[in-house]
């Protein structure tokens, strides 16, 4: 849970500043909120799932929106209130640009807010009665199916609404999505929007199977859907490959809308003029639709539907977190339009979380990667919002005290947003007198080191034994293997626990991450490990035996020969076992990781504040870990994208002996910590790198480049890879799906280039794509027709200039020369244009 103030109180407190100090405070709070919201978005749309409840997240967005409404000068186009979803940054899947942007949905939280939304819709529509379609909001993974002439071309995740990830093969593996649409008369291009989910009834069985094969369990069905769909076959053992396919085949999909098919063509070619009729068309094409939707003549009937569905939501096959309400008339969709992130013709009614009672059996404390000690409630198993819950985080000792819970209490439990378990408080009238208070331990439960705040005034207690606390080492090893770092397949939660805290042998193969690249098969095979809970890190107990659950992740039973004897050639393990495929895969992938990019090595080292952006900047500027370590604070801070705080964090990290030992042992094991062929610190810029002093923004899908590849190409050429367009931007490389950045570049007069020009730019520099000056407009006196007046000449010249401008309009920015480093565009700013009929990411389903 965030330590920041959230909720309606915070939103109500967001009033216009009256002094420069007040405005500065509002600006600082906006920066905090944006960073926190983006962090939660990245977690929610990535594999890890949500880090806060839906209610907490919604409160953060509402507070940010309230401040921006009060101070419009603080609103920007890249604010979370103006953008959609998360980024598509994984290196596993190819980027796919949607033909029509996938928008999000605005939310309402009460019947009063729903009525206010409907009143505005009807007022803006300028007509009498408006019909509304209502359907369940599926809590799953948004998907976009692109069909060309009735044939499936790609299936992609939503991503940021413009560019998603290509998951076509996995979607086809599901077996419920047709490769070819039924019927005839299909348009040349249509996008079908839907939601992929994991059935609630099969969720517990899935997690049981995950544990059997040593895979992590999922916190909820939505995470199961995202984790199952966003995986690849490469590097997986046969057992894990079969598990992957089995998980994918259990996924279900329901479609709820159409994109990239203009309303006029829908009406003309398919005789469809209402959202409810779209579902009939989709069903006729053989696509899976929900039958659970209703059309109502007024908003009061919609409110009744909302209440009825809220009471029965546990009976639905998938998780839901609200009701989507859409204007049924497609013509009104065009008239009402959309904001930069959501249509005005639809909204989502968000339900308050479901609440149940259960018994608080104990409060245990677990320690995470950063040493933070977090208390968890251990409860009697209870079903809430469609799945069984036994544990919930209590965040810190102050939260435990504020909630007033005692061990042994009957407590009220809910799933915030129907996803994250949360203990609300005790049912005091049911106390028997046998309950007792929780006392926060003074020692780390993993290594017995005294817990203490990181600094004076901190609420959280932390274990300072960062080097050898098993929980922290385990967490850092998982981080090294994560997709954002070295991306090592086969080194997940179970493997990390096995390497750092095995039941057998007594001495763990890894005391710290320093020994990771020194591992051998002989280290792996003997390991036996207890199974730990994915959320708390606590040891799981076998319900039949009462003992800790054990697995041997790196060995399997040896197959007997026909004569009943074992093959004596196997050198590892006992006489009945041999190395598993998991062991082979892990060692292979560790070897591959040794040549990962330098910026990924920097991220893997768990240096505070050093994320991918700063790591890329450091790697691009200095070129090697040795040079970074030898740099002064001033040299580090001077790198664009680094600054003083990160510079201090780097210096502090390298001051620690065991940190330097990690680098030394990794290098000795063959990890490459330098960029091959790098000319030296800042050489690309200082020695005339082809983009020295130039700021370049890449947006949309650039052929031949991933998102990360485009950024790296800019920085490798000595340029600054910008994340937003401003008057200081020199070039915008725009591909399909460029969105608002393209619009802003056009408004500012920034040179816009395509993928081919971008390649020339980063390889050869601005001169390779320089454009000639526009021909000068002739003087009016010289162009006057014989016998014509000066006014005639002026008019003729103006007409010629207007015609020339019209002809060149699509390439108007190309009239500029290649900019020099100090060149600046006019300080103009505009709101980006938006599509008006983009189907929102509102999973649609309704009983």
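Cβ coordinates are placed from backbone N, Cα and C, and glycine is handled just like the others.
The secondary structure of residue 137 (active site, N6-AMP-lysine intermediate), as reduced to three states from DSSP, is extended strand. Residues annotated as active site, N6-AMP-lysine intermediate in Swiss-Prot: 137.
The Cβ neighbour count for residue 326 (NAD(+) binding site), using a 10 Å radius over every protein chain in view, is 30. Annotation comment: Swiss-Prot describes 54, 55, 56, 57, 58, 104, 105, 135, 158, 195, 326, 350 as NAD(+) binding site.
According to Swiss-Prot, the Zn(2+) binding site annotation covers 444, 447, 463, 469, on the basis of sequence analysis. Secondary structure at residue 447 (Zn(2+) binding site), taken from DSSP and collapsed to helix, strand or coil, is coil.
Per Swiss-Prot, the feature compositional bias 'Low complexity' maps to 1-22 (among others).
Positions annotated as compositional bias 'Low complexity' by Swiss-Prot: 786-807 (among others).
Sequence annotations record features per position, and here Swiss-Prot assigns compositional bias 'Low complexity' to 819-833 (among others).
Per Swiss-Prot, domain 'BRCT' is recorded for 686-775.
The annotation region 'Disordered' is assigned in Swiss-Prot to 1-23 (among others).
Annotated region 'Disordered' per Swiss-Prot: 770-847 (among others), in sequence order.
For the Zn(2+) site, the Cβ centre of 444, 447, 463, 469 serves as reference, and the other residues of the chain with Cβ at most 8 Å from it are 367, 371, 445, 446, 448, 449, 451, 464, 465, 470, 471, 472. Among the recorded positions 137, 444, 447, 463, 469, the residue whose Cα lies closest in space to that of residue 326 (NAD(+) binding site) is 137. Taken through DSSP, the domain 'BRCT' (686-775) splits into 34 helix, 15 strand, 41 coil. Classification of residue 326 (NAD(+) binding site) by DSSP places it within a strand. Here the Cα atom of residue 137 (active site, N6-AMP-lysine intermediate) is found 11 Å from that of residue 105 (NAD(+) binding site). Across the domain 'BRCT' (686-775), the prediction's mean pLDDT works out to 82. The Cβ of 447 has fewer other Cβ atoms within 10 Å than any other of the binding-site residues 105, 444, 447. Under a cutoff of 8 A between CB atoms, and with a sequence separation of 6+ in the same chain, the neighbours of residue 469 (Zn(2+) binding site) are 367, 371, 444, 446, 447, 449, 463.
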